[in-house]
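One structure is given below, represented as structure tokens, and several questions about it will come after.
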Amino acid sequence: GACARRAVHAGVVQRTGPGGDFMLVWYNALGLVAMYWALQWAVPRAAGPAFRRLPQAERVILIHHAMYFSVFTLQVVPLTWRMGGMMLGPDFSEAVDDPLNQNLITSCVISHGLLYFGEACFRGQVKVNPVLLLHHILFFLLPIMTFHSRSVITFKVVLLIDLFATYEFLLYAALVMRRLQAPVARTRTVLVAGVWLYGITRLMQLAALGTLFVGSLSRLAGECQYWLLLAVTTVLMLVQGYTFHIYHCIHRGLAAEARGPPGDDDEDLPALPAKRAGCGAAAAKLHLTLI
């Protein structure tokens, strides 16, 4: 309603949009730079020769994946707690007006945007990944649409997608372990746990977004921005679905490493919640080079 729209505008758009208060942008930028340099110092010392053997491009990607893991791990519990209360509570506009919610949610969205921006810049030159770049472009479109439309449904879509992004922390842990050549069985276990968590939370995201769009259809069916938002969200979720396939291929590559010479038993290793078909050796090799 009108109250919710005013709350979104006053609580978020005015704080981060053009002409608004950009202090949270600078605080988050400072925090991420400090974390980046801390990881640049800590990871080589913790990993030792495994890090030093990597080419420079691989080191940059590894540190960025470690950034994702650190940020998402720190954010997942408080963001779930506060945003769950917002989305499920009796008064959404009152929850948006809460300064703690405003600061937490705005900071999380900004920090994710800064991480995606940094990754998009260097991955445009280093191990180019078109799917990853498309994901980041679609992510940036959603806050822009919120600033321009001041729409409650657009704001809620941004909240849901940003929240569920934090549940990818185990996937980034597995990517860091793989690059550092941690024991294959251990890396594969973390990857399997991450993919299960990714799959379950993406189903929850689909249910939440589906409920949101269906519930708004009768009210917004005549507005162009509703269909544009639906299109952008749908493509973004398709990209997320393809990401699931990429991690399945990485899992198969790790399974082949763990299997070792012909005749070794692989029955003690965990299995992914996906079919083994559709990811041949060439595809698995391609995905391993892109991630």
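Numbers here mean position along the shown chain, with the first residue as 1.
Each Cβ is built from the backbone N, Cα and C atoms, and glycine gets one as well.
What you see is a predicted model, and the numbers here were worked out from it, not measured in a lab.
Annotated transmembrane segment per TrEMBL: 22-39, 60-80, 100-118, 130-147, 153-177, 189-214, 226-244, in sequence order.
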Quickly jot the same-chain residues contacting the transmembrane segment (60-80) by Cβ under 8 Å, restricted to those at least six beyond its ends, or write none.
32, 35-36, 39-40, 43, 51, 54, 104-105, 108, 111-112, 115, 118-119, 122-123, 126-127, 162-163, 165-169, 172-173, 175-176, 179-180
Below 8 Å between Cβ atoms, which of the listed ranges 22-39, 100-118, 153-177, 226-244 makes the most pairs with the transmembrane segment (189-214)?
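Highest pair count goes to 153-177.
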Ranking 22-39, 153-177, 226-244 by the number of C-beta pairs under 8 Å to the transmembrane segment (100-118), which range is first?
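The stretch with the most close Cβ contacts to the transmembrane segment (100-118) is 22-39.
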